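A.B. asks: The structure follows.
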Amino acid sequence: MPFPNSSELRPAFVLAALPGLEASPSWPAALLCCAYVLALAGNLAVLLAVRLEPGLHAPMYFFLCMLAAVDLALSTSAVPRALSFYWFGTREIGFGACLVQMFLIHALSAVESTVLLAMAVDRYVAICHPLRHAAVLTDAATAKIGLAAVARGVLFFLPLPLLLLPLPFCGSRALSHSFCLHQDVMNLACANTTPSVVYGLAAILLVMGLDAVLICLSYVLILKAVLRLGAWKERLKVFSTCIAHICVVLAFYVPLIGLSVVHRFGRDLAPLVHVTMGNIYILVPAVLNPIIYGVRTKQIQRRILSLI
């Protein structure tokens, strides 16, 4: 029997589009492009507002800048390639480009999860130990946390493409999303994927899973501290400083959980569900985060209005 050639073992994968709209892709392209432009404009506005407003030079807003930068990178790693299909009809993505995109999406998601945890810790220290806040979360400490978040994402998720690299892909080349995800690509391999499955699950649990538990723990401690305050008005005033962060956490983790559930239990679901959930996972946090903090923070509102 002849051996399969390299193009069969290292195929170009086929990106998924909204079913039935391949022939007339104008409105999904417009919708995706508008969401991407909103994400770019909103996050760039947040970065400029914090950069130009001296009153925002504090750890919480430095973490917000990190979040905006990660959202910019995450959406840019996936959306332009998806738009190229709708605009130019190029559905295929090379094997190497797919692995690079997969690594960027997972690593940047891990960085965003770590930044959200750091913001939760910032809220905990500010509310439960206000006198120590300035000493604990200095500018140097904030920068180190940012570097640690990037290193954590790279170290935990670099093995994912390396585990897929030696596997043969000799069957279907069709992906379930408009971009490359580890589980989606792994399911197309025609070889034993147990090491990749085990490591991928362990990485998700040790990064996103652990971060979610620690964020919940921080808010339990915050609630205990808030409930010890005397008046309800004072309790609401203190806890209102956490509302924006809670909304941002939900905007990140709810699509992440939804996408994981679709991958695990939704094999019989319509392709539309997979494509839509993937786009929500990539774009919803990037679009909502600057809106949430723009609405909740008066200084950001004023600076953005002055820029406009």
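First residue shown is number 1, and so on along the chain.
Positions of Cβ are set from backbone N, Cα and C atoms, glycine also.
Marked as domain 'G-protein coupled receptors family 1 profile' by TrEMBL: 42-293. Summarising the annotation, TrEMBL assigns transmembrane segment to 27-49, 61-83, 103-125, 145-169, 197-222, 243-266, 272-295.
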A.B. asks: Taking 61-83, 103-125, 145-169 as candidates, which has the most Cβ pairs under 8 Å with the transmembrane segment (272-295)?
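C.D. replies: Ranked by Cβ pairs under 8 Å, first place goes to 61-83.
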A.B. asks: Restricting to the same chain and to residues at least six past its boundaries, which positions have a Cβ under 8 Å from a Cβ of the transmembrane segment (243-266)?
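C.D. replies: Distant Cβ neighbours of the transmembrane segment (243-266) are 67, 109, 112-113, 116, 119-120, 123, 181, 183-184, 204, 208, 212, 215, 219, 273-274, 277-278, 280-281, 284-285, 288-289, 292-293, 295-297.
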A.B. asks: Within the domain 'G-protein coupled receptors family 1 profile' (42-293), what mean pLDDT does the predicted structure show?
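C.D. replies: Value for the domain 'G-protein coupled receptors family 1 profile' (42-293), mean pLDDT as a whole number: 90.
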